[in-house]
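J.: Before we start, here is the structure in question, set down as structure tokens.
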Amino acid sequence: MRFKLHDVHIRRGLCCVADSYISPASINSGIRALIQKGEYLQALHLYSKHDGSSPFWTSVFTFPSLLKACSALTNLSYGKTIHGSVVVLGWRYDPFIATSLVNMYVKCGFLDYAVQVFDGWSQSQSGVSARDVTVWNSMIDGYFKFRRFKEGVGCFRRMLVFGVRPDAFSLSIVVSVMCKEGNFRREEGKQIHGFMLRNSLDTDSFLKTALIDMYFKFGLSIDAWRVFVEIEDKSNVVLWNVMIVGFGGSGICESSLDLYMLAKNNSVKLVSTSFTGALGACSQSENSGFGRQIHCDVVKMGLHNDPYVCTSLLSMYSKCGMVGEAETVFSCVVDKRLEIWNAMVAAYAENDYGYSALDLFGFMRQKSVLPDSFTLSNVISCCSVLGLYNYGKSVHAELFKRPIQSTSTIESALLTLYSKCGCDPDAYLVFKSMEEKDMVAWGSLISGLCKNGKFKEALKVFGDMKDDDDSLKPDSDIMTSVTNACAGLEALRFGLQVHGSMIKTGLVLNVFVGSSLIDLYSKCGLPEMALKVFTSMSTENMVAWNSMISCYSRNNLPELSIDLFNLMLSQGIFPDSVSITSVLVAISSTASLLKGKSLHGYTLRLGIPSDTHLKNALIDMYVKCGFSKYAENIFKKMQHKSLITWNLMIYGYGSHGDCITALSLFDEMKKAGESPDDVTFLSLISACNHSGFVEEGKNIFEFMKQDYGIEPNMEHYANMVDLLGRAGLLEEAYSFIKAMPIEADSSIWLCLLSASRTHHNVELGILSAEKLLRMEPERGSTYVQLINLYMEAGLKNEAAKLLGLMKEKGLHKQPGCSWIEVSDRTNVFFSGGSSSPMKAEIFNVLNRLKSNMVDEDKAT
């Protein structure tokens, strides 16, 4: 029977305790043999039994092994004892023992002791031993393990001053650690590369791998590729992994996947890191086809249950929007670790399957899988999106029930939840409890307040952020939210200051920041400033075009909006539903039916997805162009009807005199479970107004207040006065005005003035006109209305006086106008105008129509 040599030594070591004669060689051999087998505690016990009887028996070669055992067990007590023996024996300057002591103290968590050992060794009388690179490497590595990077780099530089020539390990730990921590500059990295070349250290594959990683961290992918090409032996899978992950992390996903295929074709034995790196590239590029191929390779390699690979597969399918495939991967995993659950919850959350994410979270708890901070942050984000305040608050409570570390991600998610749900006190409590308020935290609070329409509070928080920490530089997300807050408040002056600060930092070039600036100037009535921002941005981005098209529509420049849309098409940029919706608003304001129908057809031909907003815009366009039947067809085919959809159709029927259908649609809306708002009732009262349904209008007005608790605004009151006035109920209209809980504005008195003139009520007409003239003394149309009223009542002197006063003030009435589109041409007609080139034909038609109406009146 054959015995291994170290087994013989072990038996000797164990038996020598009982022997009367102690053999130092046997004990040393036994200790080293035990340590080689990993039986560290037995080795230390064996050492302690004999150290007291004779401290001089231990060999100089045994101490490094003993210190290795102390490091493995992190046993500081034994380590100090052995250190004492080393000092007594005078071997503390031995480079092997010094290295072992430094490593032991670092492993046991006492860096200061390691520094004392190293300093004593490096300052020893033996100048030759102080140049041993192994000890320096241990000390540099120790500094880095304790994240004391400045001291580590200082030690490396001191080593060079001492004339110690770094080896491949020295350079690799400096390069890899400093790159990882971001405390390394490109110039320093290239200097180290040059040092390697000059000293023929470029043959070490481990060091070259660290160099490749360094260049990728610097964003120098070409330099990384050059180093990779120079390596002759490419059999090491770690090298391939660094390249695959590096290109993927640099956004060069195609090269990352090409390298994956190259490694596979060169028979490199791929490991889990290879697959996770390649799947990461597929996730970034949303390359589901290649991702499926890698999935097949994973199954062939038997890694389909590897937690890291499975997590990457779930992430890849999630980023590609393939939630079904992610569910399949998840269900096939036998041992579902927390990382797997988290990846599936994140997949649901990222793809707007919020309720599925919450269901899976509940299932996790049923399976007694304890969530971590990553789980809870995703769950809270889902609650925020779904508006589930109470559920989110219950999840927040779990942070207090169990010792889950509250990360900045969780705190930011909670800030967004509470801010979005309008729970400002809770949001501020979370914010104040944060030890470190980073950019994400400030951004979450500001963004949440903006989404909830609390723009003043958002700007105050932004000001507090600048006062709290000057070193924080707002990112594009925060500046977008701040600009949106300025737009919501129409705070032009502050918005200009924000714009100026963004020009200095270069953030204005960001597409979302630029679009928010366009929106700001649009809402402040400065389309020319919005255009300047637009022209400074990339013309290839759809968001910028949409913002500018919407800006022109909002500022009553529909023709410019339509022209800009056509320019966008001519530059090869295909519109989305937002573009179509914005330009439809412009077309609606011009009542250009042909353009509207043409755009509708274009949308259908290109297969642009029609969301609710787009369909609402189409309904609005057809209603305003007088084609309510087209609007009705779109309405009936809509599966999801928003409140705006119902309001548009009710308004459409009412504006075309079909009050009965409008009222019927209102009943249908209530049956569908949609609650009306103030706009709904305004449309209904307006419908009754157009059709002369006085009692129905009065009932709806009372119904709005009593049954739905909606307080009427000035438009509701104006429509009611107009309804009563048109029906000739002038005294009731005047009593209605006097009973209003708010002071009547000019629109109310204008309605009463028009009705007074129609029904020849001079007294109320004069009263209304006087009220109007006090409110708007420069309004010429009021003078004209009152002059006409005087003339019709035979009060010519009063009319002449008022006409003289009007001329004295230089006032005149803007003539009303109407237009009609015929053969793709818009014909405009002004009240009292006769400048049309076809005026003769027009007057002939008008005379014939008048004769026909007179004849029909006589016949009836």
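Just so you know, glycine gets a Cβ as well, placed from its N, Cα and C.
Below, the features straight out of Swiss-Prot:
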REGION    748-823  region 'Type E motif'
REGION    824-854  region 'Type E(+) motif'
REPEAT    59-93  repeat 'PPR 1'
REPEAT    94-124  repeat 'PPR 2'
REPEAT    167-203  repeat 'PPR 4'
REPEAT    236-270  repeat 'PPR 6'
REPEAT    306-340  repeat 'PPR 8'
REPEAT    341-371  repeat 'PPR 9'
REPEAT    372-406  repeat 'PPR 10'
REPEAT    407-437  repeat 'PPR 11'
REPEAT    438-472  repeat 'PPR 12'
REPEAT    510-540  repeat 'PPR 14'
REPEAT    541-575  repeat 'PPR 15'
REPEAT    677-707  repeat 'PPR 19'
J.: Sort out the residues at least 6 away from either end of the repeat 'PPR 15' (541-575), same chain, that have Cβ-Cβ distances under 8 Å to it, and list them.
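T.: Here the qualifying positions are 511-512, 514-515, 518-519, 521-523, 525, 527, 530-531, 534, 582-583, 585-587, 589-590, 595, 606, 608.
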J.: For the repeat 'PPR 8' (306-340), find every same-chain residue at least 6 residues outside the stretch whose CB is under 8 Å from a CB in it, and list them.
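T.: Residues packing against the repeat 'PPR 8' (306-340) from afar: 272-273, 275-276, 279-280, 282-284, 286-288, 291, 295, 298, 346-348, 350-351, 353, 369-372, 375.
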J.: Compute the average pLDDT of the predicted model within the repeat 'PPR 8' (306-340).
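T.: That region's mean pLDDT is 94.
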J.: By DSSP, what is the split of the repeat 'PPR 15' (541-575) into helix, strand and coil residues?
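T.: Helix, strand and coil residues of the repeat 'PPR 15' (541-575) number 26 helix, 0 strand, 9 coil.
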J.: Within the same chain, where does the repeat 'PPR 6' (236-270) have neighbours whose Cβ lies under 8 angstroms from its own Cβ atoms, ignoring anything closer than 6 residues to its ends? I mean 6 or more beyond.
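T.: Contacts of the repeat 'PPR 6' (236-270) (Cβ under 8 Å, skipping residues fewer than 6 from its ends): 205, 208-209, 212-213, 215-216, 219, 221, 224-225, 228, 277-278, 280-282, 284-285, 287, 290, 294, 297, 301.
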J.: Six or more residues out from either end of the repeat 'PPR 1' (59-93), which same-chain residues have a Cβ under 8 Å from its Cβ atoms?
T.: 24-25, 28, 31-32, 35, 38, 40-41, 43-44, 47-48, 51, 99-101, 103-105, 107-110, 117, 120-121, 124, 126, 129
J.: With a Cβ cut-off under 8 Å, give me the same-chain residues at least six positions beyond the ends of the repeat 'PPR 2' (94-124) that come close to it.
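T.: For the repeat 'PPR 2' (94-124), the list is 60-61, 63-64, 67-68, 70-72, 74-76, 79, 83, 86, 130, 132, 134-135, 138-139, 141-143, 145-146, 148, 162.
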J.: In the repeat 'PPR 10' (372-406), how many residues does DSSP assign to helix, to strand and to coil?
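T.: When I sort the residues of the repeat 'PPR 10' (372-406) into the three classes, I find 27 helix, 0 strand, 8 coil.
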J.: Would you list the DSSP helix, strand and coil counts for the residues of the repeat 'PPR 8' (306-340)?
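T.: Helix, strand, coil within the repeat 'PPR 8' (306-340): 26 helix, 0 strand, 9 coil.
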J.: Please work out the helix, strand and coil residue numbers for the repeat 'PPR 11' (407-437) from the DSSP assignment.
T.: 23 helix, 0 strand, 8 coil
